[in-house]
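Asker: One structure is given below, represented as structure tokens, and several questions about it will come after.
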């Protein structure tokens, strides 16, 4: 490190590669096209490139063990031996086959050891998956039970540290801290507290720390983002207990404790009292922490200042940051300061320079992972007194000014519409009880009506046609004809298997958010701006930079064509305003609530156009509602108020005869059920198959009045559930809700699955519903 620079650290970087090389390797391995050895070689290549890239950009504290073939929490479960018996691991080492069975489920084959403990001949399900704090990344939920034993079953952190060292990189290994790991998990015993396992877990971490120290590691990064949550005294005491034991029984290795995604709040004193050598704080989400740690922090504590936004794509105003940070760094002392992103850069794309199709002005406002590391290096130099970065500072300030004053940002007509929103636009004209009677008469559906969430498999043929159309190799007329053939085929097949409410399959859509945002003013789009959602699943979030306008109808003609092919109800499919917001990179110059209301007005226009075209069922997906929930309960009400308000603005312009559906996934509803009910959707479908219908307990306790489609088919796994398996889930749902409330559907859309998986699974689902109808009280048929 230059004497005219502060240390620059990253907490983690994107794993997928600049062009999604990890996705290609994983899917090739799962398809049997490459060997396990080749997969490991490809993964090593990505790690080596990441380390080299960081060093070349001026990062001086480089992480290792931030890479994962699927998920870092799953890696931790495997590392400590937290592997459910159903996956048949031997407790000493874990095969890649078992690892992926935990992640994806498994269809039993001759070589599938995990099937040895399967209660079904058809394989094992994947572990439950949920959102990582309030991000769009997913982790595999650890499973804990009373008396659980832990042991070091994977040396991955040591192996990757040694890999880096052999290449000449001195790294800081990254570990998920034991308290966060236990708090992220679940137990089937509701009375059991996973934190009670802490003393059994700590020795595994201590063994690992000794191994790392023996191999030359001087620092280790413990991620404890649970520190930004509402913690009780038991959790705070657990943190104190764990890190005191590390200090007492561990090696002389320095610990950088990383918190991120929010303020430490009432956990700050706990964090500052831990026997650690460094503390990372998120100064993007919690800028007030800077003054607090300057005033209250220990004089021997290295402070890692998370000053560059690791979760959004906007370029920083470096002169403004310099002005803000300089006095605080002077008080702390340069020897006690590291500069870092607010969190891991896992949540942003790799490199904006790969984008050749963005407007030059919009591109100049952006910073992806590579650019953020470069910004940190420049900021580190200027704060250390380097006078040779004046041009870089001027360019940064110029970009910030250009963005702030650009005519692309503000639209006067949008401002007029926003001021015109009144209470009549925020609610349905009639209560649900009356609407449901009208809709029941209109549709005449059987008990346990069957439907899907919207999308069908995006086959190679569909993707190739879309790509050919995008590059001009397929004309608009040819592409339109191709899509109509796909829709017609899907409609015929749905009728053949007996689904009650049909969908058109969404073959024209690249992504449920991108498809809509591409047809709304105020958005920009990337070609290589991918971020990891889970495993090989990558998403390319739109960039919402300005006021939102819908120039023309988006879905009406596709719905009209699909409905013309059948006499059964055809759901129109939309993505809701809250989900578009939460799955986009959003402008940071106005409140998110205001941005969301702009989106709600645009989608309200689409809903009304669909109804005018004849659509009787309109689904407005709010899959991402819960992930926008603030991490601190005290902030929940404000978010839920404006999020629900935006959904109702979007959905309430229709008549009583029109049935509004919504879909939510990866959600826990116990603590927000009142807000869900206030959205007043006629039908809500939710993901419940992995949780064995546990999520429905919230609806039962609340006496939720509207209709619900609990998912009976886990679409995140390739395995095909049997009819009896889905019947069991429906029976569980019937113990929690009235039969008249229940719909039968998969957990989520089927875009990422294959037809050979979808066809038998949906046929089994329809059979399950029909068998239950036949066996039920005739009055509900």
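Cβ coordinates are placed from backbone N, Cα and C, and glycine is handled just like the others.
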Asker: Since Swiss-Prot lists 453, 454, 455, 506 for L-methionine, which candidate among 351, 609, 621, 635 does it give for that site as well?
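Answerer: Looking through 351, 609, 621, 635, the residue Swiss-Prot assigns to the L-methionine site is 621.
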Asker: Return the residue out of 538, 596, 748 that Swiss-Prot annotates for the same Zn(2+) site as 663, 665, 687.
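Answerer: Swiss-Prot names 748 for this Zn(2+) site.
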Asker: Name the one residue among 131, 751, 754 that Swiss-Prot lists for the same 5-methyltetrahydropteroyltri-L-glutamate site as 20, 21, 22, 23, 537, 538, 583, 627.
Answerer: 131
Asker: Same-chain residues six or more away whose CB lies under 8 A from the CB of residue 22 (5-methyltetrahydropteroyltri-L-glutamate binding site)?
Answerer: 15, 16, 42, 43, 46, 69, 532, 536
Asker: Looking at the binding-site residues 20, 131, 538, 627, 687, 748, which ones sit with their CA no more than 10 Å from the CA of residue 454 (L-homocysteine binding site)?
Answerer: 748
Asker: Taking Cα atoms as reference points, rank the binding-site residues 453, 455, 506, 663, 665 by distance from residue 131 (5-methyltetrahydropteroyltri-L-glutamate binding site) and give the first.
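Answerer: Given the candidates 453, 455, 506, 663, 665, the nearest one is 665.
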Asker: Just counting, how many other CB atoms are there within 10 A of the CB of residue 663 (Zn(2+) binding site)?
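Answerer: Here the count is 29.
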Asker: Round to a whole number and give the Cα-to-Cα distance in Å for the pair residue 621 (L-homocysteine binding site) and residue 663 (Zn(2+) binding site).
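Answerer: The separation of the Cα atoms works out to 5 Å.
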Asker: To the nearest whole angstrom, what is the C-alpha distance linking residue 538 (5-methyltetrahydropteroyltri-L-glutamate binding site) and residue 455 (L-homocysteine binding site)?
Answerer: 17
Asker: Near residue 663 (Zn(2+) binding site), meaning Cα within 10 Å, which of 20, 453, 455, 506, 627, 716 (recorded positions)?
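Answerer: If one measures from the Cα of residue 663 (Zn(2+) binding site), the recorded positions that come within 10 Å are 453.
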Asker: With every protein chain in view, how many other Cβ atoms are within 10 Å of the Cβ of residue 621 (L-homocysteine binding site)?
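Answerer: If we count other Cβ atoms within 10 Å of residue 621 (L-homocysteine binding site), we arrive at 25.
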Asker: For the L-homocysteine site (453, 454, 455, 506, 621), what does the 8 A shell look like? I mean other same-chain residues with CB within 8 A of the CB centroid.
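Answerer: Here the nearby residues are 452, 503, 512, 573, 619, 663, 748, 749, 750, 751.
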